[in-house]
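*Asks:* Right, I'll just put the structure down here and ask away after.
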Amino acid sequence: MSKRDYYEVLGVAKTASESELKVAFRKLAMVHHPDRNPGDKEAEIKFKEVNEAYQCLSDGQKRAAYDRFGHAAFSQGGAGGPGFGNEFGDFMSDIFENFFGDGRAAPGGGAGRGRGGAPGRERGSDLRYNLEISLEEAFAGKTETIRIPTSIACETCSGTGAKAGSKPRTCSTCGGYGRVRAAQGFFAIERTCPNCHGRGEVVDDPCTACSGAGRVNRERTLSINVPAGVDDGLRIRLAGEGESGMRGGTAGDLYVFLSIKPHPFFQRDGADLFCRVPISMVTAALSGEITVPVIDGSQTQVRIPAGTQTGKQFRIKSKGMPVLRSREVGDLYIQVSVETPQNLTKRQRELLQEFDQSASDENHPESAGFFSKVRDFFVSGATRA
């Protein structure tokens, strides 16, 4: 049975670059991998075909020979067929470690290697801390001292987990790699070592201070710089302030999630602040000045023109929130609400009634216009009927 063209197998053009070949191979290898298609002989055949095509075309000399002579270049007496060396095994390990997680399959043999560097090293876990601050603190910025429970390297054993005077020994099952491989036909299935649980080392005489864990629980005190202008939901990352790593692994990170308490006066939209201020009917009708609060703790005056209605908005420039890591500042918007007087005395009622009797449509243009439209609507409706 004749072999398919290698370029056709990978679905690339004959001018494909090395990176294009690699992308095509990764995609097809994941689709046809036997772990994703258990018991599917056709998938296994296609997977082998994809491997063979890539091994040829990814090698400069073999690709040149293939481009010139085709499959005949690798027949008996030719340049030699595509093989599966250690470099390919490492490349496949990288692919399937990302895709399949702890249990992976890769062509070829060889011992496994930890992703984080030397075998057995384990990165510390990331930590999360929720911090609630006031809007005033978000405006000015602050330094907050927090206390967090975490795990740190055991000082007694320096994080090795072994008792003083002893040290961990290399795992005899995996040879210190933390993983073992079992050959299954064409493939080698790689899994975490059952003896050392991926550490690559075995502690025979554990440290009494940490019970062999290499870490102990402690509470740490940290200072967090909260910059001015932070918004609700912002995340601050403190690199290396998470849990300590295991057996020389790097520490995790600390993520501080900010939330801002609701404010009694201000609502926030980005860098702008909004404040609803009640004004008297007289001030709204005759004009006047009102005093309004500012987020920095000061106050400012706002001139209310005669005839101001509920919902009228006044803008005060640069009295809002600072923009994070910028010199820009938002604005403060004052929205007035005309308050209708309550609990009137007899004399106050009489004065309002006198005003109402003397008022004309010019004094209430919106009301007059609205009811005029309503009247016209019903009159025209009756005419159509």
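Placement of Cβ uses the backbone N, Cα and C atoms for every residue, glycine included.
Copied straight from Swiss-Prot:
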type: DOMAIN; residues: 5-70; note: domain 'J'
type: ZN_FING; residues: 141-219; note: zinc finger
type: BINDING; residues: Cys154, Cys157, Cys207, Cys210; note: Zn(2+) 1 binding site
type: REPEAT; residues: 154-161; note: repeat 'CXXCXGXG motif'
type: REPEAT; residues: 171-178; note: repeat 'CXXCXGXG motif'
type: BINDING; residues: Cys171, Cys174, Cys193, Cys196; note: Zn(2+) 2 binding site
type: REPEAT; residues: 193-200; note: repeat 'CXXCXGXG motif'
type: REPEAT; residues: 207-214; note: repeat 'CXXCXGXG motif'
*Asks:* Determine, to the nearest whole angstrom, how far the Cα atom of Cys210 (Zn(2+) 1 binding site) is from the Cα atom of Cys196 (Zn(2+) 2 binding site).
*Replies:* 18
*Asks:* Would you list the other residues of this chain near Zn(2+) 2 - those whose C-beta lies within 8 angstroms of the C-beta centroid of Cys171, Cys174, Cys193, Cys196 - in sequence order?
*Replies:* Ser172, Thr173, Gly175, Gly176, Tyr177, Gly178, Arg179, Val180, Pro194, Asn195, His197, Gly198, Arg199, Gly200, Glu201, Val202
*Asks:* According to DSSP, which of helix, strand or coil covers Cys174 (Zn(2+) 2 binding site)?
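*Replies:* Where Cys174 (Zn(2+) 2 binding site) sits, the three-state DSSP reduction gives coil.
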*Asks:* Taking all residues of the repeat 'CXXCXGXG motif' (154-161) together, what is their mean pLDDT?
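*Replies:* Averaging the confidence scores along the repeat 'CXXCXGXG motif' (154-161) gives 88.
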*Asks:* Show, in sequence order, which residues other than Cys154, Cys157, Cys207, Cys210 on the same chain lie with their Cβ within 8 Å of the centre of the Cβ atoms of the Zn(2+) 1 site.
*Replies:* Glu155, Thr156, Ser158, Gly159, Thr160, Gly161, Ala162, Pro206, Thr208, Ala209, Ser211, Gly212, Ala213, Gly214, Arg215, Val216
*Asks:* Within 10 Å of the Cβ of Cys157 (Zn(2+) 1 binding site), how many other Cβ atoms can be counted across all chains shown?
*Replies:* 25
*Asks:* For the binding-site residues Cys174, Cys207, which one has its C-beta crowded by the most other C-beta atoms within 10 angstroms?
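*Replies:* Highest number of other Cβ atoms within 10 Å: Cys174.
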*Asks:* What is the total of other Cβ atoms whose distance to the Cβ of Cys171 (Zn(2+) 2 binding site) is within 10 Å?
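*Replies:* If we count other Cβ atoms within 10 Å of Cys171 (Zn(2+) 2 binding site), we arrive at 22.
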*Asks:* Which whole-number value in Å describes the distance between the Cα atoms of Cys174 (Zn(2+) 2 binding site) and Cys154 (Zn(2+) 1 binding site)?
*Replies:* 26
*Asks:* How big is the gap, in Å, between the Cα of Cys207 (Zn(2+) 1 binding site) and that of Cys196 (Zn(2+) 2 binding site), rounded to a whole number?
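*Replies:* Cα-Cα distance, Cys207 (Zn(2+) 1 binding site) to Cys196 (Zn(2+) 2 binding site): 17 Å.
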*Asks:* At the level of the C-alpha atoms, what whole-angstrom distance separates Cys154 (Zn(2+) 1 binding site) and Cys171 (Zn(2+) 2 binding site)?
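*Replies:* Roughly 22 Å, rounded to the nearest whole number.
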*Asks:* Residues with Cβ closer than 8 Å to the Cβ of Cys193 (Zn(2+) 2 binding site), same chain and 6+ apart in sequence?
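*Replies:* Once residues fewer than 6 apart are set aside, Cys193 (Zn(2+) 2 binding site) is near Cys171, Thr173, Cys174, Tyr177, Gly178, Arg179, Val180, Arg199, Gly200.
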*Asks:* For a quick check of understanding: among the binding-site residues Cys154, Cys196, Cys210, which residue's Cβ has the most other Cβ atoms within 10 Å?
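*Replies:* Selected residue: Cys196.
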